Amino acid sequence: MLDIHFFFFHRLFMIQQHNELFVFFHQVEKKMPEKYIREESMIRGPKFVVRLRSHTVYENSAIKIFCTVEGYPTPQVICYVCFCRCVTDDTAMYTAVASNTHGQVSSQASIIVKSKTFSSVFWNLNMSKKDLFWCFSDAILPEIKYTKINITYTETFDVTFGKEGDKVTLTCKMIINPNLANLQPEALWYRDEYLLKESKWVKMESGGGVAKLTLTQLAKDDEGLYTLRMVTKGGDAVHSAYVFVDAHTSIHDANRDYVIVSWKPPNTTTEGPIIGYFVDRCEVGTENWVQCNDSPAKICKYPVQGLFEGHSYYFRVRAVNSRGTGRPSRMSEPIISEVCSDFDFCVHSGVPSAPGQVVATRETDTSVLIQWAPPKDPNNLIGYYIDSCVKGSKDWTSANHKPHKQTRFVVHGLTTGETYVFRVQAINELGLSDESQESAPLSVRAALKLPSSPYDVSLLYCDGESMVINWKQPIHFGGAEVTDYYIDKCNVAKKTWKEVNIPPIKERLHKVIGGLTAGSVYQFRVYGANLIGLGDASTPSAPFKCEAWTMPEPGPAYDVTFTEVRDDSVVVEWKAPVYSGASAITGYFVEKSKKGSDNWSKVNESSVNHCYLKVKGLETGESYLFRVQAENAQGIGVASTPSDPACIKALPGAQEIKCGVDEESGDIYLSFESCQMTEKSKYVWKKSYQEITDFSKGIVVKTSGSHSTLLFKNPDKEDLGTYSVSVTHTDGASASYKISAEELEKMLALSYDIRNPIIPLKTELAYKILERGRMRFWLQAEGISSAVTYKFFANNKELVNCEQTKMSHDAATGIIEMVMDHFTDDSEGTFTVQIQDGRAKAQSSLVLIGDAFKAALAEAEYQRREYIRVKEGTFSKKDVGLYKATITDDRGQDVSQIDISGKAFDDIINELSRIAGSSAAELSIQCTAEGIMLQCHMKYYTEEMKIHWKQKDSKISASERMRIGGNPAMATLEIVEPTDKDKGMYTFEIVDPEKTHSRILDLSGEHRGKVIGGLPDVVTIMEKKTLSLTCTVCGDPKPLVSWSKNEQELELSDQYVIALDSGKFASLTIKGVSLEDSGKYTMTVLNKYGGESVDIIVSVYKHGDKIPDVKPTPLPKRIMPPTVPIEIPTVKSAAPAAAKSPAPPQNAKSSAPPRGMKSPTPTRKK
């Protein structure tokens, strides 16, 4: 019974467990899709979050190195190192490799295990630090002697062209001397400066004087510059050449508006998985690449749509992964989008096929090396013709005049800095092949090379423990500046060369410290290094004995150079000796010798106390060498190393420095124009032949092209001296100029006059009493501009331009005046005027005090009492008559009368005509309710003046359409309802007895805004397309263009784009048109002379619908008059300091002359 119960419960338990498992697996199956969704975003290659770290420890220590890796799926990591008690044999480079299905990465770290033997020994020794160092270096670190192995390449690999999938082998054969079995050089292969390692794609072989690199299956990523370095203990031997892999994108099914582009995927190794690809296109003749797809294409094929029929395009492809977008592929051949229905194939029998890819590389400043692949079908090839062309010009020039048989050619005679493209044609007896594909554009510059060796290594000083040496820089820099130097020394007795410096030396003067033995003889050699690398070593110097210099005379000067070479003179420069002897150096002697001669002669009989000397009396065309000897109180020292030979002949077109004063700023300047210039040329200015580096005093150098100017902002006596300039990277373009004290004094005076100019005055400030007792203060300058500013002061208080003190000027006469309306007892004092015109200034004062002021005040009060104004307003024939004035006071009565009629009236009208004619403004236009009005503004107008309105030289008579009139401020001609007949040239004339004043206005309409053409009457377009309406407009001034839709102004947005290019080409672009965009569009072109408006009907239909048949109905252009009044010039009283002031009044009257001075302003006729 117990067994039955047990079996029953066991069975029941198994059934319950089975049901739970069934539910569990059902839930797992349900959740599996979500798992893949989450995993897809997590998938990525392995990556080191914490990399391995190098360690340096003593033996018997415990050490553990570890790293942290992330990735999905979880990477497998091969490396975990733990040493409980490490020994010196554990010193090595350790690598951790992490990999999963998406890639592989590695991390390296070095472990250095040091022995405790020497540290414990030194710990127990009672030594000083210095003794400890020498003990360690002598006992533990013996001198390392390297075996010099020379490697000479006998056969090298050249530029290689291949296709994806090909197998390529690069081979170098060499001679190794000495060839030691246990000391073979190491072969290192690089691609674009990256070290290559053995893999299934890269096979390396080395030995027996041969080094091979095999690329088993070429990919586009294998393209680059391959370099073989054979490394030995004493140096290396290097050879480089390019490998090009042809991996153009393929074009299929070229049609009218689309093509299909296909490509091969990139050769990825450690990069992340490819997500997709972007395809770019570029129209032939342009440089604008346009991306064709918005989202990455998942497969290696993509249809490019939206092309224009008959246009040629290039295509390229870019790969995308999780880290970003890669570099683009090489562009495809040009493809023409056209309908290809019938194909006619024509084979040129016997003519060679076109040569392959053309590659241009730099060689010199005027030449380029061209290399190309031979044609696939040579057909008894005779040779090649090479053509060159400046980029963008399409003007091809042949580089050779007879067939060239090799596949490389140097094109000479090119312009430095210009960009060229090249092509090649093959030729045989039957004719020329097609042109090859053009090379990539290349700017002509010299290829960078290693510098030549330094030379003339000399000893400047020795103290028995160290030696100071100097050398001359390489003659050829290799296209880049020589920035670093390295020195080797050799003990002549041991005949072994050792490095002197590990860090590079920047200057050509170095003190060799350490490793020298007193009494030993040493030689030195120097290497120069530029951007490319280390150049050849210099010739070993003469043997120098390491013993202290104790002679009382100075040591040798150094760096003897020359500049300012002319037909009979040259300037020699040098640097002071490092060793001055027993006393200070007092001077220098210069010696000269002709090239090839050992006879040296002194140039200067008495010593000079500076480090330069101009040597004169030389023979033109001869080459001279120079050397320098320093002198002190004990005597003359040893001679310096001779300079390089100097050919005494001036450069063609050589110019001297010009000295002067800038007419605008007043700065003193030295200007020099170089007869030679290169891209790397720089101007070096010196004072007393020492380079100017301190610009805090106001010295400024400005360079533009071949001109350079040295400006002195604040010159003084400290700036006296000799200034020189030299131009680098030329054949010695240089010059000098000496500024003397007398010349500087003259230039300073001229500079002051320019910086502080004075306005010359014809008359000083004077006064004149006018009618109503007003006081006019005035002066006259020699000449002022319309932008002149001025201020009047009374007793040092500035006066304001207002009704009480009116200020004005006349630029034509130079008169500046102020009219004071109330001259009272408070006006006594000093009156001053300050004038400024640009940078020029002037000032004048007038003192009115004492009797002079009382006389002026009495006259002003008398004029104020005597003045009576009879009439104000317009003047016409109604004012003709006899005018009588009666004055009565307690003393009696006085009567005065004047007859204004006849000749008196005519004289007044003539004078008004003269004033109106001289002040008349240009004709302007004003729109009215009935038409347009021509206006001429003037100081005064009355109908009694003789005026004429003319149209095309025909006098206009007043009528209902032509209304002639005016007001006291202007004359008018109103044209009611103007028509085309009213177009033409209008003339307004004012006649006075002496001349006729004319004003002209062109109303021909030629300058109004116009629509020349380009717009259709009706446009039919399918929805979702882009509509562009473009036309040409004109007008003077340039018109404004506006667009409206259905009589409503068009609002700008991302869909509606309005443009006006160069003031001529107006356009409206509607992106993604829809049915709502149908309607009438109006373009309005308008300037101040009027304009036109044009209507366009736009009809939008759906995709698949029949194109609507909209019959165009020509709509006439609408002529539009000006919508705003044309700006009318008015006469305003200007403030003296900020705005232009009107001319001074010409009608002042006074009976009292001011201080006996006659005013140039004419008085009013009585």
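Yeah, the Cβs are placed from backbone N, Cα and C, and that goes for glycine too.
TrEMBL lists 1132-1154 with the feature compositional bias 'Low complexity'. What TrEMBL lists as domain 'Ig-like' is 142-227, 642-740, 917-987, 993-1099. As annotated by TrEMBL, domain 'Fibronectin type-III' applies to 245-339, 354-447, 453-553, 556-653. Per TrEMBL, region 'Disordered' is recorded for 1131-1166.
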Helix, strand and coil residues within the domain 'Fibronectin type-III' (245-339) as assigned by DSSP:
0 helix, 42 strand, 53 coil
The domain 'Ig-like' (142-227): mean pLDDT?
84
Using DSSP, how many residues of the domain 'Ig-like' (917-987) fall into helix, strand and coil, respectively?
6 helix, 35 strand, 30 coil
Report the DSSP secondary-structure composition of the domain 'Ig-like' (142-227) as helix, strand and coil residue counts.
3 helix, 44 strand, 39 coil
By DSSP, how many residues in the domain 'Fibronectin type-III' (453-553) are helix, how many strand, and how many coil?
0 helix, 48 strand, 53 coil
